[in-house]
Amino acid sequence: MTPAPDQLVLRRPDDWHVHLRDDVMLEQVLPATARQFARAIVMPNLRPPVTTVDAAIAYRQRIEAALPDGMAFTPLMTAYLTDDISPDELERGHREGVFTAAKLYPANATTNSAAGVSDLACITAVLERMQAIDMPLLIHGEVTDPDIDIFDREAVFIERHLIPLRRQFPQLRVVFEHITTEQAAQFVVDGDPLMAATITPHHLHINRNAMFQGGLRSDFYCLPVAKRERHRLALRQAATSGDPSFFLGTDSAPHPRAGKESSCGCAGIYNAPYALESYLAVFEAEGALQHFEAFASENGPRFYKLPLNEDTITLKRTAQLVPAQLEGQGLVPFHASEVLDWRLAD
């Protein structure tokens, strides 16, 4: 038996789905993402949402201004699709290198998505243009019909919307973001090279029981919600399989502790500070360390047609206790009060 390594040196990873927020929260959470990742796809669901080239440029400038001295990090900006967004505005942003991709939020599916798309038919011209200019579409894949059980909303979205969309726009590059079900994983496996998916660390670690163990655990509440154990296991198999259609996307979504622990708690898990250590625990447990670099550092940029990072990071087998709360931030990190076996070296 090959002995377990004490150190891993990897091509620097990227995060293909992150919420950096804005203002004070941006300043608090950006260093954690920039420490672990060279680039990140930045979600546009601010208030107001990022729907124009000028808004994306301004947000990118705020991110760059908040970056601590000595840190190298590139934010990759996205456009927030609405029923009336202009195809010309999207094309201009993509041509000028401002918009890396466009994000489809079904209206009212998640945090700050009220201005999202009410019906895919409303954005047919937009999707036609995106397909023509080879601009990736990023999808929050859940239906919002109140008659559909919240645990079934991803699977129903595939049948109602994603399958027809792939048929109508077969040359459109699509990322099915933060997948949570075996149906989603299988849909991507069965798809073509223009279909990919991101997987979060928390959906690899927890199932829906975690939200209710020992009481109501608001820190494990996110959207899409965690599902049954069989879905978690299917995600672990997909992430660690070596299939290039799957890549890292944390969906790190910080909320102040007071916002999480309230009568109407916010959806989102803040996993950025220990994201790589969290993913690595899964790959090691599944006996798939040989596939970790591709998942974290190679599959994403290849799908987005971006260069691979040339610098490296080092992860060492050094146990670390994750704090119950991050000092001075009022944020509870994923794995709070747990011990992780790996540590990202400074």
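Every residue gets a Cβ built from N, Cα and C, even glycine.
Per Swiss-Prot, the features are as follows:
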BINDING   H17, H19, K103, D251  Zn(2+) 1 binding site
BINDING   H19, L20, R21, N45, H140, L223, H255, A267  substrate binding site
BINDING   K103, H140, H178  Zn(2+) 2 binding site
MOD_RES   K103  N6-carboxylysine
ACT_SITE  D251  active site
Rounded Cα separation (Å) that holds between H140 (substrate binding site) and H178 (Zn(2+) 2 binding site): 8
R21 (substrate binding site) and D251 (Zn(2+) 1 binding site), Cα-Cα, nearest whole angstrom: 12
Beyond the site residues H17, H19, K103, D251: chain residues whose C-beta lies within 8 Å of the centroid, for Zn(2+) 1: V18, I41, M43, L138, E177, H178, G249, A253
From N45, H178, L223, A267: binding-site residues whose CA lies within 10 A of H19 (Zn(2+) 1 binding site): N45
Shortest C-alpha distance to H17 (Zn(2+) 1 binding site) - which of the binding-site residues N45, H178, L223, A267: H178
Rounded to the nearest Å - Cα separation of R21 (substrate binding site) and K103 (Zn(2+) 1 binding site): 16
Residue pair N45 (substrate binding site), H178 (Zn(2+) 2 binding site) - Cα distance, angstrom, rounded: 16
Fewest other Cβ within 10 angstroms of its own Cβ, chosen from the binding-site residues H17, R21, K103, H140, H178: R21
Where H140 (substrate binding site) sits in the secondary structure, as DSSP reduces it to three classes: coil
Integer Å distance between the CA atoms belonging to H178 (Zn(2+) 2 binding site) and K103 (Zn(2+) 1 binding site): 13
Rounded Cα-Cα span from H178 (Zn(2+) 2 binding site) to L20 (substrate binding site), Å: 16
Inter-residue C-alpha distance, A267 (substrate binding site) and H178 (Zn(2+) 2 binding site) (nearest angstrom): 14
D251 (Zn(2+) 1 binding site): tally of other CB atoms within 10 A of its CB: 27
